[in-house]
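What follows is a set of notes on a single structure, which appears directly below.
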Amino acid sequence: MAGCSEFDLIDRHLAGLGAERDDVLLGPGDDAAITQDGGRPLLMALDTLVEGVHFPADLPAYWVGYRALAVNLSDIAAMGGEPCWALLGLTLPAPDESWVAQFASGLGRLARASGVAVIGGDVTRGPLTVSLQITGRATGAPLRRDGAHAGDRVWLSGRPGEAAAGLAVWQQEGAREQARWQGLRQAFIAPRPRVALGQALVGVASAAIDLSDGLAADAGHIAARSGVALHLDPPRGRPSARLLRWAGEAEARRLQLGGGDDYELCFTAPREADVMVRAAARRARTPVRCIGEVHEGEGVWWGGEPILDRAAGYCHFVS
Ligand SMILES: Nc1ncnc2c1ncn2[C@@H]1O[C@H](COP(=O)(O)OP(=O)(O)O)[C@@H](O)[C@H]1O
Ligand SMILES: Cc1ncc(C[n+]2csc(CCOP(=O)(O)OP(=O)(O)O)c2C)c(N)n1
Ligand SMILES: [Mg+2]
């Protein structure tokens, strides 16, 4: 099975391990699992950051800490939840106290701002790796990947593609260019998880996902889980002006569809909910735009053409 993706490994060997419990409302396959023990359902997710894989080795510790929480908040956002508690697993090559202090400062600041208590974890020696488990509360019926219907519209927050460009700026450009493309760089370093938008969309959106691997691949998860096709419209999904300036038309499209690291929300909602979607976005002070429609069928379509190349999205074990 050399060359299989992380999704193959999960589907074939890891999903559904252990006891069957009737307090598990949703297991593997969505942005977070849903469990219930009286009260409101709980949302649980875990994401790991590995140095050199998820962030460049020269990223300041402050931003490593910030990102470790931000990417997990994004999963709770995609379910429309309220983030509450986190457990932190930290693997360090050496006990570098000033690095850990900076890391803690970045993580702690975002945790306070988002109302999350870090209630435990684990510290070990090894290659620099940060694993964070987050638990949130549902604020209503959680947004899931499997609720899109033919006839719904497809919506997108923010400016996907900018973060992948920002990583390239960080890695390739000299000091002058770094300053010139500061906005793109910031999109990678400090993603803004869309927690307020997710919550505002509860009861409005029919399905949602956060974008970590790239718009094409992640929209593909909504399509697959909902049993529908997502038809995206290139003019409405136009990349931002600064991304177009930095990358040019073709590369901007590639970054937008397959760059990853965006931590924006892609969601669907019935046509009749247009006004409510716009009101939710205003309440959450988050820019959103309609970029397409849900049809019967399968897969993600771009300007009438199917996006067949799943490798367009980030995949850990496919180069
Ligand atoms: N080791 C594992 N065991 C069980 N389920 C897993 C494992 N790793 C990932 N999953 C599940 O597979 C789904 C896809 O994972 P992933 O692509 O990491 O999602 P996300 O982009 O939301 O972080 C998620 O529902 C996740 O919980
Ligand atoms: C140094 C470096 N190289 C490449 C990338 C690009 N990258 C790495 S992982 C990833 C996808 C998101 O990570 P994953 O572990 O798949 O997150 P999940 O989908 O589980 O939320 C991307 C776009 C990066 N962030 N940093
Ligand atoms: Mg994950």
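The backbone N, Cα and C atoms fix where each Cβ goes, and this holds for glycine too.
Annotated domain 'PurM-like N-terminal' per TrEMBL: 29-137, in sequence order.
What TrEMBL records for Asp31, Asp75, Asp210 is Mg(2+) 3 binding site. Around the Cβ of Asp210 (Mg(2+) 3 binding site), a 10 Å sphere holds 27 further Cβ atoms from the protein chains shown. For the recorded site, Asp210 (Mg(2+) 3 binding site), the DSSP three-state label reads strand.
Annotation source TrEMBL lists Mg(2+) 4 binding site at Asp31, Asp75. The Cβ of Asp75 (Mg(2+) 3 binding site) lies under 8 Å from the Cβ of Asp31, Ala32, Ala45, Asp47, Ile134, Asp210, each of these being in the same chain and 6 or more residues away along the sequence.
Summarising the annotation, TrEMBL assigns Mg(2+) 2 binding site to Asp47, Asp75.
Mapped onto three states, the DSSP output places Asp122 (Mg(2+) 1 binding site) in strand. Counting every protein chain shown, the Cβ of Asp122 (Mg(2+) 1 binding site) has 10 other Cβ atoms within 10 Å. Positions annotated as Mg(2+) 1 binding site by TrEMBL: Asp47, Asp122.
Counting only same-chain residues six or more apart in sequence, the Cβ atoms lying under 8 angstroms from the Cβ of Asp261 (substrate binding site) belong to Ala163, Ala164, Leu167, Phe188, Pro191, Ser212, Tyr314. In the three-state DSSP scheme, Asp261 (substrate binding site) is classed as coil. The substrate binding site annotation in TrEMBL covers His54, Asp261, Tyr314.
Summarising the annotation, TrEMBL assigns ATP binding site to Gly121, Asp122, Arg145, Ser212.
According to TrEMBL, the feature Mg(2+) 5 binding site maps to Asp213. Its own atom aside, the Cβ of Asp213 (Mg(2+) 5 binding site) has 24 Cβ atoms within 10 angstroms in the protein chains shown.
Residues His54, Asp261, Tyr314 make up the record's substrate site, and a Cβ search at 8 Å around their centroid adds Val53, Ser212, Asp213, Gly260 from the same chain. Residues Asp30, Ala32, Ala45, Ser74, Ile76, Ala77, Ala78, Met79, Ile209, Ser212 surround the recorded Mg(2+) 3 site, their Cβ atoms falling within 8 Å of the Cβ centroid of Asp31, Asp75, Asp210, which are themselves excluded. Take the Cα of Asp213 (Mg(2+) 5 binding site) and measure to each of the binding-site residues His54, Gly121, Arg145: the nearest one is His54. Taking every pair among Gly121, Asp122, Arg145, Ser212, the residues recorded as binding ATP, the greatest CA to CA distance is 31 Å. When the binding-site residues Asp75, Gly121, Asp122, Arg145, Asp210, Tyr314 are checked against ligand 2, Tyr314 have a Cβ within less than 6 Å of one of its atoms. The substrate site in the record is lined by His54, Asp261, Tyr314, and its two most distant CA atoms lie 11 Å apart.
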